[in-house]
Amino acid sequence: MASLGVNIDHIANIREARRTVEPDPVPMAMLAELGGADGITVHLREDRRHIQDRDVELLRQTVRSRLNLEMAATAEMVAIALRVKPDMVTLVPEHRQEVTTEGGLDVVAQLSELTGMVSQLQTSGIPVSLFVDPVASQLRGCTDSGARWVELHTGRYAEGSWNDQPHELARLTEGTATARAMGLRVNAGHGLTYQNVEPVAAIPGMEELNIGHTIVARAVVVGLQQAVREMKALIQNPRRDPLFGQALG
């Protein structure tokens, strides 16, 4: 059964839209945990467009589940992670003009650089996950880097047409199996919603789904705790086949 990591970046987005102090993502993380979140995920971007350094520092002190820090593969971010010591670091690609992360890391092209960073972090007791597309060559690169986890990019599945989704779901299923055969542990995320999460949650070997925007959007209507409860229920009892998205049973 997959667990749920709640990404609270979009709470910080609301705050930063007015350059004010509310809503504060730190107490919101507590509400997410009360709603059943198995972990809290934040992305500290180089441009600090939403999550700020003080958020990460305070979340490290207050999160009672797991704190997953998403970050670019830079010396600055590695230094922050080594100081804060989150429960996991997920290295992600980052571009200044993007609205959100647009694809997976090119681990093959960046293997030497990533290997050094993975070693630094894991030597300090911080497990590292690499955010990648479900492609065998990239998964092999993850293994070569020394990383113990991958997070599969679900964007093509989540944003695909009705006709494309079964194919993209099959890629995620095959990618999960391939990664596990290589000794990697598997998370997934990007663009998952209440409407499309169940087939991904049902993939054998899937350990955690990191989900943010849809939960925060739902929270506007029902509150954050209830929004998390509803997503957790879908993940714990997925009702659709992981290959074809059809109802189970």
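Yeah, the Cβs are placed from backbone N, Cα and C, and that goes for glycine too.
Taken from Swiss-Prot, the feature active site, proton acceptor covers HIS43 (among others). All chains included, 23 other C-beta atoms sit within 10 angstroms of the C-beta of HIS43 (active site, proton acceptor).
What Swiss-Prot records for GLU70 (among others) is active site, proton acceptor, and it gives sequence analysis as the kind of evidence. GLU70 (active site, proton acceptor) carries a strand DSSP state (E or B). For GLU70 (active site, proton acceptor), the same-chain residues lying six or more positions away in sequence with a CB closer than 8 A to its CB are THR41, VAL42, HIS43, LEU44, VAL89, THR90, LEU91, VAL92, PHE131.
The active site, proton donor annotation in Swiss-Prot covers HIS190, and the record cites sequence analysis as its basis. HIS190 (active site, proton donor) carries neither a helix nor a strand DSSP state and counts as coil.
According to Swiss-Prot, the 3-amino-2-oxopropyl phosphate binding site annotation covers ASN7, ARG18, GLY191, GLY212, HIS213. For GLY191 (3-amino-2-oxopropyl phosphate binding site), the Cβ neighbour count at a 10 Å cut-off comes to 20, with all displayed protein chains included.
The 1-deoxy-D-xylulose 5-phosphate binding site annotation in Swiss-Prot covers ASP9, HIS10, ARG45, HIS50, THR100. On its own chain, HIS10 (1-deoxy-D-xylulose 5-phosphate binding site) has HIS50, GLY212, HIS213, VAL216, ALA217 as residues at least 6 apart in sequence with a Cβ closer than 8 Å to its own Cβ.
Long-range neighbours of GLU151 (site 'Transition state stabilizer') (same chain, six or more residues apart, CB within less than 8 Å of its CB): THR90, SER129, LEU130, PHE131, VAL132, VAL186, ASN187, ALA188, GLY189, ASN210. Residues or ranges marked as site 'Transition state stabilizer' by Swiss-Prot: GLU151.
When the recorded positions ARG18, HIS50, HIS190 are compared by the number of other C-beta atoms lying within 10 angstroms of their own C-beta, ARG18 comes out lowest. Listed in sequence order, PRO25, THR41, VAL42, HIS43, HIS50, ILE51, GLY212 are the same-chain residues at least 6 apart in sequence whose CB falls under 8 Å from the CB of ASP9 (1-deoxy-D-xylulose 5-phosphate binding site).
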